[in-house]
Amino acid sequence: MSAVKKRKISQEHLGEASAPSTEVEQTSKTFKELGIIDQLCEACENMGYKSPTPIQAQAIPLAIDGRDVIGLAETGSGKTAAFVLPTLQALMETPQPFFGLFLAPTRELAYQIAQATETLGSTIGVRCVVLVGGMDMVAQSIALGKKPHIVVATPGRLLDHLENTKGFSLRNLKYLAIDEADRLLDMDFGDSLDKILKVLPRQRHTYLFSATMSSKVESLQRASLSNPLRVSVSSKYQTVSTLQSSYLCIPHKHKNLYLVYLLNEFAGQSSIIFTTTVHETQRVAFMLRALGFGAIPLHGQLSQSARLGALNKFRSRSRDILVATDVAARGLDIPSVDVVLNFDLPMDSKTYIHRVGRTARAGKSGVAISFVTQYDVEVWMRIEWALGKKLKEHAVEKDEVMVLAERVAEAQRQAIIEMKSFDEKKGIRGKKFGKGKRSRDDMDQEDG
Ligand code: AMP
């Protein structure tokens, strides 16, 4: 796509409280050039959409041409408007009740799609209803009685209404969009989807969006689309296929033990261990050295020349383990490594992608393992959500890990002693430069 001009605009997800903020990539085309009618172009402008995103630029012209479309894209790509706009445009041409159905795996996503539909359709007076579980069936039935143009639903609740709400049918439906199909199928909505598809007319247009193309999604595609065209965008949330990513679910108090166990497992390979603070970086490096590993710390309290010196040692393989904070690692040309260990989880998925991108470069294979403790579950779920897939758990024999307990505890004691003198030196350095003592995290931030 040569026409893609990478202009980035910061956007928050609509109404998705837990979602990370995203940057929306835009193309140099206009919505009008894609064939969108003036009223909807105006609605896009009102939404602050200056130009189409790549997935919109690819999917919309095909959809307007009357084709069924499979879009490989995830949240943050602008996929919602990629199926909402063509549906609304067709609705404008032949308005009727129950014209379109948008299916989504979760309530939040359904509301988000409905909000986008209502806002984009505000210039053409579109009426929309949301049918999701956990909300009053009667109120939803009354809303259906008002004959909306578009139904946005999760499959379970839609099926309930199709079976129980008198006078409600989708016999005359013209457009169906299935959003996040992979998640829908992961959430066991397969049976409901089959039942829904049976009561929809075959003569219709269908759009199917999914972050990944699993065999389940492929069979849904065969069951629901006719002669579709496939479009996809490579997302910044995608990782390369040669990367084996997994996680380790462990108690916080055993992090050191599992780290040492993994480093033994990957002995002889080059590794980066990511931590969140200068203190942890230094402590982990001291501990590993006490155990005889060639570990070198890289963090924001080192001068630029010390950082480069550390990197050179790592590059020349005189040390094969780099312990680093994100901030220190940013902007430096860190060589490709075999293993990335997220000893501390990153706070957002962008940083995750940045970190794991240190391995599996240029077609080589690589391993990334993230430590998930009882305190990290929510952050980890958010990262998986942004990646659009569930990662595998790294298999470890607990007994073999526990064998290391004594030696690691001893190394840890030694690291604490070394940390004391490190902190003292740092205090002197702080005074010397007249800045006083700053918190470790502040330092990291400043150095970024
Ligand atoms: P989605 O991937 O559909 O969830 O969209 C992600 C975010 O991008 C939402 O906040 C949309 O409102 C926004 N968005 C969608 N299309 C565009 C566009 N063409 N220009 C700018 N922002 C957009």
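Cβ from N, Cα, C; glycine included.
Keep in mind that TrEMBL annotations are predicted by a computer and have not been checked by a curator.
In TrEMBL, the annotation motif 'Q motif' applies to 29-57, one of the ranges 29-57, 232-260, 261-289, 290-318. Here the domain 'DEAD-box RNA helicase Q' (29-57) has, by DSSP, the following mix of helix, strand and coil residues: 14 helix, 0 strand, 15 coil. Averaged across the motif 'Q motif' (29-57), pLDDT for the predicted model comes to 95.
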